[in-house]
Amino acid sequence: MATWRKQYVVARPVYSEDSFVEQQEKICRQRKTPWDHIKLYFTCDSKRVKNAALSLLPIIGWMKIYQVRKWLLGDVVSGISTGLVAIMQGLAFSLLAQLPPSYGLYTAFFPMLTYFFLGTSRHISVGSFPVLSLMVGQVVLRLVPGDGKPPANITGFEGLSEDHQRVLVASSLTFLMGIFQLAMGVLQVGFVVVYLSDTLVSGFTTAAAIHILVSQLKFVLGLNVLSVNGPLAIIDTLEKIFVQITSTNICDLVTSIVIMVVVFIVKELNDKYKAKLPVPIPIEVIVTIISCGISYGANFETRYNVTVVGKMVKGYESPMAPNLDVFRESAVEAFPIAIVGFAVAFSVAKVYSIKHNYTIDGNQELIAFGVSNIFGAAFRSFAASTALSRTAVQESSGGKTQIAGLISAMMAMVVTLALGFLLEPLPRSVLGALVIVNLKGMLMQVREIPYLWRRDKLDCVVWVGTCVGAILLGLDLGLAVGLGVELLTVVFRTQFPRCSVLANIPGTDMYRDHKDYMHIYEIKGVKIFRMPSPIFFANIEFFKDKLTEAVGFNPLRVLKKRNKALTKIKIHLKKSEHMTKGCYKNKPEESEDAGNVEELVLPTDFKDLPFQIDWNADLPGNISIPRVDLHTLILDFSAVSFMDISAIKGLRTALKEYIRIEVDVYIVACDVYILEKLHSTMFFDEEIHTSMFFPTLHDAVLHVQEKRKDCKKTLHGLYSVARTITILHYLQV
């Protein structure tokens, strides 16, 4: 319920921009030149060195305030819980990257080591992310398709098995992705993530979830489906699955269904009772252990022809250099992977930084992930980011700092070095089922469509366009489609804003759209026009058209009509003079259309007439002029953030058209930097003056009312009658 606010009274003069500048002394600021900024950037002192060190190594900042007694136990418990989830997700998501499962454990270990020192978020769990894994897998399939098809012609593939070729592609792609992220961080372009709106990311991740779901069906059903890549690949994959549906492995299907049902139920219970549970139930780990035991005891691999994880790589292989040929082949895909990986990680990190009241640095996050991916790629890991589900486990189980992340990485190391053989009997259908269950959050984002449609239809178009584009064309092209649709909506919003005519709320100095309120006061003969958008080359004509629509007439047409009428009057006056002198019959006939086009748009010239003309008075029957009841036009520029040269030229032309038909024009609430630009572009001349600008809308309205009050004190009406009679007298021929 609305409540009455305290009233305030302000008594001050009515200001124009000119009078305000005269009365208020302005500080003359010396703005820095680009050279000044460059010198400042390269200036070095002890304080800057210290800040740079703290910025590049955020661990120094939070380790100084680390509370061992309060935080260490929570970090240890959180690290163990997160490590168990990270191991299972690493195995599962490596299938999305078309790699042997053991390489998922590499991604859970190496990137975390460097992020521990360089990252600014204290809560995100660094490792594999399903969307990135799928995007890497698409590149791997394109270059090493398998299924008997020859790989791409890349130097370095000679003598390598198919699995090792795929590992080389994935690690080289990840290395290039890290280079892109590191370069963007060094160049301080972390702001690039703002071009990926929440709506776009939501639509994109939903499409990725659908791709992931389809890609895991072959594991869940136990089918041998040839991998497909490129536009419409999802349709081809579904077609091949349905063709082979009768060959479904019943053991894989039953195992997958049981796993999905159990994991889904326990996850729902975890969410429902998370306030009462000290740590979430690690259901993925439990079902994995049980599945491994049953598979080993019942010999699923030979008895039921179930595909299992198989030989796990024990220990870590020596570092390897990336392949330059893979760089050339995958550069187009590496950049969107880098952007998506950073965007997801930054958005998740931002959520928890706000919740726990600390700051994160987007540019430093780019550097941290860039170095982490480069370091991890050297040891055969694939693209690393974060996963919301894994990060939620790390935070909800008591994690306070990245020590929890380091412990989770140590657990992945233990499994790789000593316990990996225990996972060899694990059916791949179990990993596929775990992947599908973890897609619930992304798939449920479909529920945003009705909400977006009701709240903002353009955002809904972005969501649907991104999702459909990514589903049909693939994730890389789909992201480009989403960005294109998003930029088109921005163009649409700025090029076609909702303009309005304002009127006064009685008894206040507030002005609102006259269509929105019942009791509102419109000053007779005054139009207040507002455009809530920047004015630039793309929408200046829209601005002029909407302004014409608001005032109800075209000023240029009125001006041309008046100048044509004036030409007629002057011709009739000359005829009358010749008739009086008796020499009219010897005077050659003059055309009533005298005057060229340039003269028709110039200010009306009364200097050769013995009278002034009131264009709204009754004129002779053969002269028809559109009536203009408007005497003042006020343009509200409070929402205009910038104007380019094209817009300034267009505005200048429009203002002159109204001024030349005797309509006073005022511009209010114009930004000071726009005013400076108007001065620098020679906007003002003998027709357009700085006195037309007012700091507030109410100042301009009060000025207009005072000016019109003074005009009413004259005998303007009597002069108008006299002028009309004079015109009729002169035109009676």
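Each Cβ is built from the backbone N, Cα and C atoms, and glycine gets one as well.
Automatic prediction, not curation, is the source of TrEMBL annotations.
The model shown is predicted, which means the values in this text are computed figures rather than measured ones.
Going by TrEMBL, these are the annotated features:
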DOMAIN    516-704  domain 'STAS'
TRANSMEM  72-97  transmembrane segment
TRANSMEM  103-119  transmembrane segment
TRANSMEM  126-144  transmembrane segment
TRANSMEM  175-196  transmembrane segment
TRANSMEM  203-221  transmembrane segment
TRANSMEM  241-265  transmembrane segment
TRANSMEM  277-298  transmembrane segment
TRANSMEM  334-354  transmembrane segment
TRANSMEM  366-383  transmembrane segment
TRANSMEM  403-423  transmembrane segment
TRANSMEM  461-488  transmembrane segment
Mind pulling out the one from 72-97, 126-144, 203-221, 334-354, 403-423 with the most Cβ pairs under 8 angstroms to the transmembrane segment (461-488)?
203-221
Which sequence positions outside the transmembrane segment (203-221), separated from its termini by at least 6 residues, show Cβ-Cβ distances below 8 Å to it?
95-96, 130-131, 134-135, 137, 234, 237-238, 241, 245, 248-249, 252-253, 256, 307, 340, 344, 428-429, 431-433, 435-436, 439, 442-443, 445-446, 462-471, 475, 478-479, 482
Best-contacting stretch, by C-beta pairs under 8 Å, relative to the transmembrane segment (277-298) and drawn from 72-97, 126-144, 175-196, 334-354, 366-383:
72-97
Please give the sequence-distant neighbours of the transmembrane segment (334-354): residues at least 6 beyond its ends with Cβ less than 8 Å from one of its Cβ atoms.
120-124, 126, 129, 131-132, 135-136, 173, 176-178, 180-181, 184, 190, 192-193, 196, 198, 201, 204-205, 327, 360, 362, 365-366, 369, 373, 383-386, 388, 391, 395, 475-476, 479-480
State, in range form, which of 72-97, 126-144, 175-196, 241-265, 403-423 has the highest count of Cβ pairs under 8 Å to the transmembrane segment (366-383).
175-196
Under 8 angstroms, Cβ to Cβ: which one of 126-144, 175-196, 241-265, 403-423 has the largest number of such pairs with the transmembrane segment (103-119)?
403-423
Same-chain residues at least 6 beyond the ends of the transmembrane segment (72-97) whose Cβ lies under 8 Å from its Cβ atoms:
103-108, 125, 127-130, 133-134, 136-137, 140, 170, 212, 215-216, 219, 278-280, 282, 284-285, 288, 309, 382-383, 387, 389-390, 393-395, 397-401, 403-412, 415, 423, 426, 428, 431-432, 434-435, 438
Which sequence positions outside the transmembrane segment (126-144), separated from its termini by at least 6 residues, show Cβ-Cβ distances below 8 Å to it?
86, 89-90, 93-94, 96-99, 104, 107-108, 111-112, 115, 119, 151-152, 154, 162, 165-166, 169-170, 173-174, 204-205, 208-209, 211-212, 215, 227-230, 326, 329-330, 333, 336-337, 340-341, 344-345, 369, 372, 382-387, 390, 405, 435, 438-439, 474-476
